[in-house]
Each structure stands twice: as structure tokens, then as C-alpha cells.
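Comments concern the structure below.
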Amino acid sequence: MYYKVAVSGSGKVLNVFSSEELLIGERVWLNWRNGKVKGYVLERSLSHENEATPSERDGKSFLSEGHVEIAKWVSERFFSPLGMVFDLFFPQGIDDYKEEVVVSESPFLDFDRMTLRDFLENFGEKALKEMVKKGLVRVEKNFYVKEPRPRVKKRLFLKKRISEIIREHLTVKQRMVVEYLQFNDGVPLEELLEDLEVSKSVIETLQRKNIVEIVSGDVFPKKRRILRGDFKGNISKENLFFGPTGSGKTEALFELIDVYSRKGTVLFLVPEVSVLTHTLSRLKGAFPDLKIGIYHSYLSRARKNLEWYKAASGKIDVLLGTRSAVFVPVKNLSLLIVDEEHDESFYQHTRPSYDAIVVARKISEVFDVPIILSSATPDLWTYREAKEGRIRTFNFTRRFGSLSVEVVDMRNEEKIGSFAKKTLDRIEETLEEGKRVLIYVRRKGFWGRVQCEVCGYVLKCENCDVSLVYHSDTHSLKCHQCGREYGLVESCPRCGGRLVGRTAGTERVERELKRYFPTRRIARVDREVVDNIMELESYIDKLIRGEIDILVGTRLITKSLSVPEIGLVCIMDVDSLIFNPDYSSSLRTFQLVVQALGRASRGDQGKAIIQTYNPEDTIIRKALEEDVNGFYAEELERRKALGYPPYRHLIQVAVKSKNPEVGKNSLTSLKEFLKGEEVLGPVEHWVFKLRGFYRHHLIVKTEDLERVLPKLEKALRILGIDAIVRVDPPTLEVSD
């Protein structure tokens, strides 16, 4: 029998002959070109050409024909190599957790299955080959997981009230345990250690502090939490949960999980690990009896494979994960949920590129399961389809808290450093009320750029066409694209004029605040001080516990941060977001401002302040009014007139080269090949030089991807151009 097999890590498809019947979606290892490659069985082939020979196979497939259909579709829709797309369905290292078994296919054999090792010891390799050839046995891989043996469970409980624990001096990991137990008091000890990836020594220390206690056995019956039952809607195939922060969207999602987890496995996608950690705690608190798996990039290889296997084998009720979890072949899928579906993190820019939202909707279609997209500021594609009735909309309104927003016109205000005096007054008032303050700054570093005040020259990285950022703690200039650091220079290298800092970054804002409020506890969160999600969680924990009064940060701090103690949110330098040279900058700014303001609406009387030199800008005005519908109507009208998504698709084709003329000429040739299509460019990318390479790109606008993408693929192949292709990226400014 002949089969078409997609080669792992590439776009190559081989025609393969196998004496054994192969399963659709099964992994096979092929002898090809003097080596061995992994492949995925696509379908039976009518061609009798034999390009490679199978040497090994799984013997079973975790992927159904539906998954194969999805892989083909994703490859075509996002111009991603088919073999690379198939690789996304499996975690790295999955083959470290397998054993080969021989399975009987004949009633006359005296065994049902035995390990390959035992079979070879008893019968030998020659017998195995003969029996496989005759169809008497088959060899398959049994993927195993090392799960603990059943035993009496030890459960962990808090012994002290939270008000008492707050006064204790705890490490970051100890605080993580306490916060987890706030939602999940009485959780099995092994489950907590697995979820938080902490050692038993952390628990032992908390025991010595008399904060927790361990009790053996099931000391209370497990049960589902009785939910409010406020959500009465009957969902359709595709649904949008649309409403501001605090409107009850999450509670409604939990009620649906309560229903659909009884029917199968719920796949719950979130944009970031920080959001996942908080959602996991809430889920376990609401459903202590549910088996909840997690899947994200910070898991150890062993843990990730374990979680994947459980989901693929139908051993969990809910799989909670970030972008990559959309490809886990969940067995008996009953419901798809995408929270914060507007977030750009759902798009993978590196090859193979894809949009997890679009993939999730395709999964919903292929496997005929409902999907919920939830957001206060939906993606424009989603919003347009909802308005046109193709997606059912459930509107939610805020049930608690109110928000007072003040716009500070920086043209007319008295300024003290990076702040208006009015802003500093509001910060002081908030602190006097015992509330916390959150300050959003777009850039990290001390100064966003260093510029000559005489000729205007901006210091840039030699490898990248990017302005250097001054960091006061190291007294150095740093490129935040390639990471190269430079020593300080005293004068302008062009004219000898005086160099000055422009556009305050997080370091500068933090230092100013420490000068204005010397007795207050002020911290900074950006990628320079936070390396992983656990560190970010520790800052949030300190904010909740009152160990931080003012938290300064970049976009990190706007990601679903739920802290009722926040009394004021300040947004600095909003203008730099609005005037970013990207077709999506207005929408991205609006979404960020609304999401940031949502952090202040968790409390009883939240306040926010926005510093701007353009107070009449539509984006700011609509965001203040939380007029999502009004802003989206205007944005849709603008994009329709300009031919941008969601009315037309955008295909970005980018190249990089050591010689700038080479890249530009290659894209010029490509444009000629695409004659008849609407093509913008080629032009220099606004980050023209990056890591020593010069970058050019062009944009293709089309309403018909199925027609244009094959044409583009043919052109790139004939011209021999190695390009990065992104279909409908949320932004065009991402570096390669």
C-alpha cells in the first residue's frame, strides 16, 4: 500500500510504500536520503512511486483524520510548512516516554500483548519479522507516564487566618503556596507540589512556622462548588462573551465548564502564563473534584509530556493552556474557551506561524464542538462577525465598582520631571487612602532614547537600526533588539553637541517616584528585572499584601491583573502608542488603555489618570467612555476604506540580507511576479537594520487567500527567495 507522508520539520511530502497498513495521522520513521526522518501519514496514495521506506512506526495514532485535516488547513492558511505544523501536535521529548509492545492480531497466539524486549527474548527477531509480514502481530509504541501509585492522600490546610499570615516574612515560593491554598484549602499535597513545582522543603518550612498542616486521608467529601447560576444563555456553535472587566464573564465561563466537563474535556486557552496561574487557582477552588491539566512553555519536559498524554488519553476534565495547547489532540473534546481573545500573544510570529484563535475556531468546526471567545475588547475579525450575526454575542455589564478617569493635558499642566503635578497629587491622595498605585510606562530603561540637543542625532545600535536605551543601574546604553551594550559617550559623535535623554522609561519613572515619595515602597516590573512568570507573580503577591505601594511596569502589568486594592492606575506617554507606525496601532492602543483601566475597576471606587498631549484624540476619548462599540464602528469604517483587516487579508513577506540592495531587489522581483495583485512596497522595515542584517518587506492585500498564497509560494520557489511570510499578523512591527 502507498501513502503520502509529511516529513517532520519541513514542507516535504513523500510517497511511501508500506507492506503494513498505516493509520492516518500515525507517526512513522522513514529511511530517506541515507538517513532517517520522522513523518506523519496523510492519506492513501494512488501513485506507486516509492520515495522512502518505513523502518519504524508508532503502531497507533493520537491524531484522528480531523486533526490531519486541521494540520493541512493550518499549513495552507498560514503559509507554514506542513511537517512543522504536525510537529506542533506533539511535545518535544515525547519519545523518551515510550516502550514498544508486540500486539497479537491472531486468536491462535497465546498472548494478547507483551513488551518488545520480552518477545525478542522468547521468540527472536526473525520470528517477529515473519509474524509481522503475515499479519499475526503488530508492533506499537505504548506511551507511558509515571504516575504515583494509589495511596492515602495527604491534604494541606492553612492553620492561620490570612490576616495573621500577612505579618509573616515569607519567601516567594512560600507565598505562592499560601495564595494557592486561599483558593484550594485541603488540596492533596502531591497535587499542590505538582501544580506549583515547589519542593517539599517549602511545605516543611511553612509547617514549622505553624502556617499549614498536613492531614492524611479524605477528610471531607469532594464536591463541585455551587455556582451562582446567573448565566442562563444557551450557547451556539460560535459565541462571543463581550463585556468590561468585572462584568461576570469569568463566572459564566465557569458555569459552562461545570456543564461541559460532564460531557468530555474542556480546552481553556489563555494568552499568558501569568493569566493561567490565576485562572488555575480559581478553577481548582470552584471545582475541587475536576482533573485539571495545564500546558505551557514553562513546564519541565517530563511534566509537559505527562500533561499532554493525559489530555490525549482522555484522563482529564479540563486542559488549561497557553497558545501551544490549541494543538494538543484532546480526546473527547466537549468545549473550547478562549479568554482575552484579543491578545496578540495568541499569534505565533516564528515559523511555523499561526493564529491560535483562528485554529481554535477551525477545531470547533471540524469536531463540531462549541467555542466561547471572551474579551472586553474583542479582536476586530471576531467583532465584525458578531455584528453580522455569524457569531452569537452575549453582552455583559459591570456589576460592581465604578471608575473615575481624569485626563491630564500635558500642554497646559505644571510638570515635575516625567509627571504632571496633578498626577503626583492624585498618587499622594491614593496612598493616603491606603490604596495601591499602578503606573504603566511603555518603555523599559531610564531614557527611551539618547539624542543630541543641537543636531537631533539619536544614538543607535551598530547592528540594528534601533535607538539605544540608557540604563542608570549599569550606566550603559543597551539595544533591546540584539542585547548589545555600549559604554556612555560624553558628546554627540556627529557634531559634538550635548546629549540628553528623551522619553522616560520605567527606570527613570521609578527613580523619580522614589524621590517624590521617599517613605513609600516602590517597585519596577519589566523584562530587565523579571526573567520568569514566578518572579512576576511575586511582585503581584507583594502588591496584594501591601508590601508594595507603587508598582511601575510595562505591558506585563496590564495582563489580567486582578487586585482590588489598586486605587489608581496611571498611564504615561500614551501618545507614543497612538502614533506608532503600524496600521493596527490605534486598535492596540485602545485595547491596552481599556485593559489597563480595567485594573482600576476591580475595587469599590477605582480611579485612573492619563497623561497626554492629545486629550481630544478619539482613541483616548472612546477608551475613557468605555465606548467599545463606538470606537470599533469608527475603526471598522477606517479599515474598510483603506482595505485592511477584517475586510481584506494582509500577507507580510519579509527578507533580510547583509547587503541592503540584495533584499530590496529580491522583493522587487517578487512584486513583478505578483503583477495583478495589490502589493505595497517593498520598503525598508522601520527597524531597518537588526543584528547586522538589513530588512525589507512588502505587503499583499487580498480578499482571496486561496488564490494568492499558492501564487506566492510558486513565486518564492522560482525566484529562490528565503522569506518570512506572515498571514494576518496582529502587527507588522515584530522583529524576525
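Placed from the backbone N, Cα and C atoms, the Cβ positions cover glycine too.
The feature motif 'DEAH box', as given by Swiss-Prot for the ranges 47-50, 55-58, 339-342, sits at 339-342. Of the listed binding-site residues, namely Pro244, Cys461, the sparsest CB environment within 10 A is found at Pro244. Here Cys455 (Zn(2+) 1 binding site) comes close to Cys492, Arg494, Cys495, Gly497: these same-chain residues lie at least six apart in sequence, with C-beta atoms under 8 angstroms from its C-beta. When Cα-Cα distances from Pro244 (ATP binding site) are compared across the binding-site residues Cys452, Cys461, Cys479, the shortest belongs to Cys479. Other C-beta atoms found within 10 angstroms of the C-beta of Cys492 (Zn(2+) 1 binding site) number 20, with every protein chain shown included. Take the Cα of Ser247 (ATP binding site) and measure to each of the binding-site residues Cys452, Cys461, Cys479: the nearest one is Cys479. For Cys452 (Zn(2+) 1 binding site), the nearest neighbour among the binding-site residues Gly243, Thr245, Gly248, Thr250, Cys461, judged by Cα separation, is Cys461. Across the domain 'Helicase C-terminal' (487-643), mean pLDDT in this model comes to 81. Just so you know, the Cβ of Thr245 (ATP binding site) picks up 22 other Cβ atoms within 10 Å once every protein chain is counted. For Lys249 (ATP binding site), the Cβ neighbour count at a 10 Å cut-off comes to 21, with all displayed protein chains included.
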